[in-house]
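According to Swiss-Prot, the features are:
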ACT_SITE  161  active site, proton donor/acceptor
ACT_SITE  220  active site, proton donor/acceptor
ACT_SITE  276  active site, nucleophile
BINDING   161-165, 220-224, 260, 267-273, 338-339, 442  substrate binding site
REGION    88-110  region 'Disordered'
REGION    129-135  region 'Allosteric switch region'
REGION    466-493  region 'Disordered'
């Protein structure tokens, strides 16, 4: 059997960095090198301040870095020396050309494949870690075959990640399963077993599932689509609850106790975000359309449509509650990451809510404990989000939640950071304009509603009628928009 002694991972992002750090920790005899073209990112991985926030990640990196874990921009040497190469680069949704707004853009995958074959000799295992469309491995293999050399033997595997940001280290150390797909040839199965041997250092054999390459690729898309579907399903029920007096949390508890359904991913909110769910569902929609399965495509498109609707509905409630105008009103946005315990803002609902409120002329004061100021400005300056001068005129980044809420008409919770449960809301209420509104888009204040109402707040939340002074309103006049739409103006530097 092939023995893997050196691993190279191309891509030092949210997948490559944590995944290879855990492999290095669990396999001290394997030398792991993570490479990236972004020199600033590599410098951050080699510094005390890592480029991404993830609970437990810093301890893992510091225990291995400089021993058997290395971060470098020397991509070619790392490829040449490796027995196994992970491809862990971004696969964004296309914003132009055929399949724009849905299909995955594989230009970085293709660039990696060409660089690998250029710098390889002898036997090497190349493994997809990025989320890719079905048959992407076949595209990689075609590039390898078209550029082959004497004695070159490159085996292509699919090994999708199933980690969740915020619990990535826990998920990597104790995964539900490890999925490895490869060719059903003797050479392909030899490569599969070599990668299995790496994971068997800490993962029980019964949790390592092997399939053909296509099944592995589709399993990743399907898993994310099913999780996104559950969130959209419970969010659809939340709209019904607000109109009837039911509580979506009670409904979710009741249906979640059914063992056939289970209680995971039944938390109603302002909508799902992150770098995977929307991208992968849209990729699945495009795949179905390309295979002439329009009914299946429409089914999965509805998952995205419901997520968009939930965001627009929440923004409409904010505007409606504030006497149908937020023009020149200060609104505090608490939380900008797409979920707690991460600094990742990709497809964050905060971006969408901020866009809708900026379009109405609101002045936003934004606070997030882990998202840098520069990242917030970049996200809100996206050509599809704001006009040229909107961010400079309407957005202020606050150093703490109290500063953000000082003099505000309303505070809007967009990320479920635990610290938001512990704030001094009496202090906040005293400094806000009256009536003071709280819009809880993550239901983090559920146990505090009576106390907050006693203080004087008017509460609006997802899937529950709290304030008795108004009837929940579900308008549809806020127009749709998507970060995947092609920009109608040049992005700012």
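FYI, residue positions are counted from 1 along the chain as it appears here.
Glycine too: its Cβ is placed from the backbone N, Cα and C atoms.
Distribution of Swiss-Prot features across the structure.
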residue	record	CB count, 10 Å
161	active site, proton donor/acceptor	23
164	substrate binding site	15
220	active site, proton donor/acceptor	23
221	substrate binding site	23
224	substrate binding site	23
268	substrate binding site	28
271	substrate binding site	28
276	active site, nucleophile	25
338	substrate binding site	26
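Counting residues 6+ beyond its ends, the region 'Disordered' (88-110) has Cβ neighbours under 8 Å at 9-11, 13, 15-16, 19, 128-133, 136, 139-140, 143, 275, 278-279, 282-283, 285-286, 289, 482, 484-487 in the same chain. Spacing of residue 161 (active site, proton donor/acceptor) relative to residue 220 (active site, proton donor/acceptor) is 8 Å (Cα to Cα, whole number). Calculated from their C-alpha atoms, the gap between residue 268 (substrate binding site) and residue 276 (active site, nucleophile) amounts to 19 Å.
Spacing of residue 164 (substrate binding site) relative to residue 220 (active site, proton donor/acceptor) is 13 Å (Cα to Cα, whole number). Between the CA atoms of residue 271 (substrate binding site) and residue 220 (active site, proton donor/acceptor) there is a gap of 21 Å. Straight-line distance linking the Cα atoms of residue 221 (substrate binding site) and the residue listed as 'active site, nucleophile', rounded to a whole number, equals 9 Å. In this structure the alpha carbons, written CA, of residue 338 (substrate binding site) and the residue listed as 'active site, nucleophile' are 11 Å apart. DSSP gives residue 221 (substrate binding site) a helix state.
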